[in-house]
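So that you can see what the record holds, here are the features copied from Swiss-Prot:
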| type | residues | note |
| --- | --- | --- |
| COMPBIAS | 586-602 | compositional bias 'Acidic residues' |
| COMPBIAS | 724-755 | compositional bias 'Low complexity' |
| COMPBIAS | 768-781 | compositional bias 'Acidic residues' |
| REGION | 586-621 | region 'Disordered' |
| REGION | 724-781 | region 'Disordered' |
| REPEAT | 50-82 | repeat 'HAT 1' |
| REPEAT | 84-116 | repeat 'HAT 2' |
| REPEAT | 152-183 | repeat 'HAT 4' |
| REPEAT | 259-293 | repeat 'HAT 7' |
| REPEAT | 308-340 | repeat 'HAT 8' |
| REPEAT | 357-391 | repeat 'HAT 9' |
| REPEAT | 401-437 | repeat 'HAT 10' |
| REPEAT | 439-470 | repeat 'HAT 11' |
| REPEAT | 472-504 | repeat 'HAT 12' |
| REPEAT | 506-547 | repeat 'HAT 13' |
| REPEAT | 549-580 | repeat 'HAT 14' |
| REPEAT | 628-665 | repeat 'HAT 15' |
Amino acid sequence: MSRSAPRIKNRAPAPIQISAEQLLREAQERQEAPASAPVQKIEDYEELEEYRGRRRSEFEDRLRRNGLNMSTWIKYASWEASQGEMDRCRSIYERALDVEPHHLPLWLRYTEQELKMRNVQHARNLYDRAVSILPRIDQLWYKYVHLEELLGNIPGTRQVFERWMKWEPEEKAWHAYINLEVRYDELDRASAIWERCVTCHPVPKQWIRWAKFEEDRGNLEKARIVFQMALDYIGEDEDAMEKAQSVFTAFAKMETRLKEYERARVIYKYALERLPRSKSEGIYSSYTRFEKQFGTMNSVEDTVIGKRRIQYEEELAAQEAGGAPADYDTWFDYSRLEEDAYRALLATGGSQDQLQQAVKRVREVYERAIAQVPSSQEKRDWRRYIFLWLRYALFEEIDTRDYDRTREIYKAAIALVPHRRFTFAKLWVQYARFEVRRLELTAARKILGAAIGMAPKLKLFSSYIELEVSLKEFDRARKIYEKALEWDPTNSQTWVRFAELEKNLFDTDRARALFELGVGQAEGGEASGGLDMPEIVWKAYIDFEFEEREWEKVDALYERLLAKSGHVKVWISYALSKINRATAIEEDEDEEDDDHDHDDDMAATPSRELTEEEEALRQQRRSALASSAREIFQRAYDNLKSRSLKDERVALLESWKSFEQQHGSAETLSRVEAKFPRVVKKRRQVEDSADGAMEEYYDLIFPDDQDEGKGAFKLLQMAHAWRAAQAAKEQQQQQQQSSSAETGASASAGAGATGDDVRDEESIGIAIDDDQEQDASGEEA
């Protein structure tokens, strides 16, 4: 008996088809409804007491089973509080604290419950007990001092802070204590606390904040003493000074604010002399800024800037003399130099006259630069020129804040561009965004509308839509999308974004209608212009229906797309969507379970495990969808085979194999692997070759292609055998005729032949017999 799988002669579909929908419907019908708890209605006091007793028994049973679960204690106590039984509530909390006194949420819920019931003294006592047991938990201390301050007990608040400070807490705790004293104008107390704080946390940031505190309260000598204490603590160790560079910088800046420039210079030099240049970048940069403002560094900086100005002027003069087109890179560098000089002067606190002169120089450079209008009408020559206008407008808006001048710059740039030949969307968009920043929304809309009417571009539509969506003007955004589609209905991105807008607005009908219009545009072909990238619209449409869990529509879309293109990637995506459908359904079920099981105590509530029935249902669903995916893979394979697309068949088999490795069995995987082709080397004639040259090439031979070709191969083999037999028969007849002629000639030679002649005749006869035997053997063959 043959062990091979039986050959299927009838490949027609079965008369009764079982679909995945029927399987799911039958499983749903057989599923039993979950049992629901009956609704209780309390009619009188006795029923209420019975209900309370039953609930208490339930809680006590839970605690007996697991008394270490603090969430059960908290729920029990909260329930007693909701019943108005505060004594029982306190008793439960105290029992819980006996079990686990170091559980922070227990203390917090206990104190919150007391404060909710306006039992302030109880809350105080609880906080006192809590900070005694958990002194390292800052949250308890913060709540304790906040309660005391709310009650107006400032001395009590100080006592709590003093108890807290004995534990040397973090810096924020010390700052909270200091802020308390500052709020009640106890600055001397705050200064004393600062001294204790830097003793506990002697880091540079604390020294600086203490000195700033003393400076703000007007005690400048105390501020200097603080910095001197900090420098004494730091010492002259190189590593310590490197970490404390901010202390030296803050000390010098304070002296600068007090106009003690020599003191500040001495501090900078003291630090720079003791630190190498590689480790003193921060101090050196501060010292450079200081000298620029108050020392001789200003003249040095002015000299450097002056030399660079002369260099740029010489380059520009050489370009004008040579008649070469304008080099906008030089103008960019020149304008950047003047802008940096203005910003440096502004940062160092230059006088008003100096700032005005710097602004005047920047404007002069920009005006000279934008006067170099390109002579050609090619967009590539205008691109960098337009960026000069944009930088000029940004300088006026951000640095000088001359908004009227900024608006005039944008208008002049737009008037200069030949919009009939080309336009710059960035220029229009930046102008509109400027008006938005000035809260001139109407002007921004007019600008973008004029841009679209004068020279429509996709970026202009996108920016206009982005503006309206950010302003929540969705109706306006819809109108702009409609205008964009009227202008260019072949743009796939516009269709997709329009539909995504409707989807985000939860208008699925409009989104689906837009996708249908986009697909219809793609299916229209040359008559309607088609789409530049129709696959984007199809993919977005399918993903949309998949997210909406419209499985029938997903299948219908795939079938439509396959009827149109039949690409192997579409087949693969169609097949994999079946198994992805099972994952999506399971995720939806898990989300529904999470919504039902949601509770305030997220950490204490374990995730729900699936029952055996639910697990079996999911497994059954996955198996059904996996079978559907296999059917699609088989359809795809047959389709590609009929179209003789070998490379696409290999790609399909690779995806099919990966699918079976994840979701199939060893049997299904072996079936797919058996379909893989083998590579063979063949020869063929070179195209357009006059001498009939041959070339070798590699071809893919599929097993099922070989099986179908076996019948034709046998017929051809029989034809070759018949032809060979006919040729052998003709050759035998010719040999027989020649041998009979030779025999007659030897007989007429005479009877008086000698014995030698007889021997020769016998040898001839033997040779003839050998020839006859050879012919017979050839005929049989």
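Cβ coordinates are placed from backbone N, Cα and C, and glycine is handled just like the others.
Counting residue by residue with DSSP, the repeat 'HAT 2' (84-116) contains 27 helix, 0 strand, 6 coil.
Here the repeat 'HAT 15' (628-665) has Cβ contacts under 8 Å with residues 20, 566, 568, 571-572, 574-576, 578-579, 622, 672-673, 675-677, 700, 702, 704-705 of the same chain, all six or more residues outside its ends. For the repeat 'HAT 12' (472-504), the predicted model reports an average pLDDT of 83. Taken through DSSP, the repeat 'HAT 8' (308-340) splits into 28 helix, 0 strand, 5 coil. If you look at the repeat 'HAT 4' (152-183), the same-chain residues 6 or more away from its ends with a CB under 8 A from one of its CBs are 131, 135-136, 138, 141-142, 144-145, 189-190, 193-194, 196-197, 200-201, 206, 213. If one looks beyond the repeat 'HAT 10' (401-437) by at least 6 residues along the same chain, the residues whose Cβ comes under 8 Å of a Cβ in the stretch are 370, 373, 377, 379, 382-383, 386, 389-390, 392-393, 443-445, 447-448, 451, 454-455, 457, 459-460, 463-464, 467. Remote same-chain partners of the repeat 'HAT 13' (506-547), defined as residues 6 or more beyond its termini with a Cβ less than 8 Å from a stretch Cβ, comprise 489-493, 495-496, 498-500, 553-554, 557-558, 560-561, 564, 573, 577, 580-581, 584.
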